[in-house]
Amino acid sequence: MYQSPRRLCSALLLRDAPGLRRTLVPGPRRTLAPPVLGSRPASPQLQAAASGAARSRPRTVSPMGNGTSRLYSALAKTINSSAAAQHPEYLVSADPEHLEPIDPKELLEECRAVLHTRPPRYQRDFVDLRTDCSSSHPPIRVMQWNILAQALGEGKDNFVQCPVEALKWEERKCLILEEILAYQPDILCLQEVDHYFDTFQPLLSRLGYQGTFFPKPWSPCLDVEHNNGPDGCALFFLQSRFKLINSTNIRLTAMTLKTNQVAIAQTLECKESGRQFCIAVTHLKARTGWERFRSAQGCDLLQNLQNITEGAKIPLIVCGDFNAEPTEEVYKHFASSSLNLNSAYKLLSPDGQSEPPYTTWKIRTSGECRHTLDYIWYSRHALSVTSALDLLTEEQIGPNRLPSFHYPSDHLSLVCDFSFNEEPDELL
């Protein structure tokens, strides 16, 4: 039976929060933070928030051995298989008949009701990086974010200073949506997405986004009891601004073996200017001791992108959680690639050459971890960064670090505005 978008999204919200009907009556409510400096006027499509997904439960991790043995076991089982073959049920497109716009005001009120006991969202400002105002078209806003898989946050990541209540999905998903809506990205690149089909795809599609999801073949989320399926990478773009020309799902290889890490690369055409570019999202292998493995994965991704962009003829933006500090080989491969890539967040440093001190900050049982692992790379000769969202300060993050009641992930979102450089034929 057909359900209106309003009724359907309300049902998704209420399914996760059986007590929400009581919170929707008049009472104290958490208000959304005012627009951040540099944000754009909200369009009707980007004024909504909503939620929906599986009920949050205590998670039990299945004994699967250590990370090394588990990965090699997975590799041995999947050398001749693909992620799509492993999880075809997670690659089915939603019924387009139901993809109608959300009523923004009512759904935003529902999200506010869910979050009414939470402290306000962190405030972050955009830094103006323009050197001129020559572009005749609006910039392209790109958001990169590892949103923290729900199964991992509750089951495996052991955030010892984060209250269990702060990880409840019925509230955390609303914080994630609030962050996305606050910055209104034209393109959204996400990692650790394990609620694509029941939350992000149905809601973002009603905001005008077209989405693609590529799960990890052997996601660690599947080891957690009551999981919501595998996590993976997701890429969304606004259909009002871009036309999809080509889309490629990439299962990364290392040392000739297919690995558990993936990427999505899409060639888009700007409807305003007719200019084309490639946007890619990835999530490389985590943990200390896997530096050479990440390096091999990065080289494989660069080779794939070289082919897709026809040897840098098509401008490129690469977003990802690389799980690698700037001192690692995989970072150096991207910085020295023939694709002429630059890291956007270096531009926030005084000399324009240094990465931020951190993009993730957490406390686990093994100790406190503060690292720079997330990046937005771009074709320096074809594109310019006109602004970038500043990072949270240590004082804002607080002594218990991330995630928290204020912020839904252990990784900070990165947001940049890009403009095409003029005279592309000469620059390329």
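The backbone N, Cα and C atoms fix where each Cβ goes, glycine too.
From the candidate list E192, E310, E394, E395, the residue Swiss-Prot records in the substrate site shared with K216, P217, W218, N260, H283, L284, K285, A286, D321, F322, N323, H411 is E192. Between the listed ranges 76-86, 296-306, 340-350, Swiss-Prot ties the annotation region 'Interaction with PPARG' to 340-350. For E192 (Mg(2+) binding site), the same-chain residues that are 6 or more apart in sequence and have a Cβ closer than 8 Å to its Cβ are N146, I147, L148, A149, L152, D231, H283, D321. According to DSSP, E192 (Mg(2+) binding site) sits within a strand segment. In terms of DSSP secondary structure, the region 'Interaction with PPARG' (340-350) contains 5 helix, 3 strand, 3 coil.
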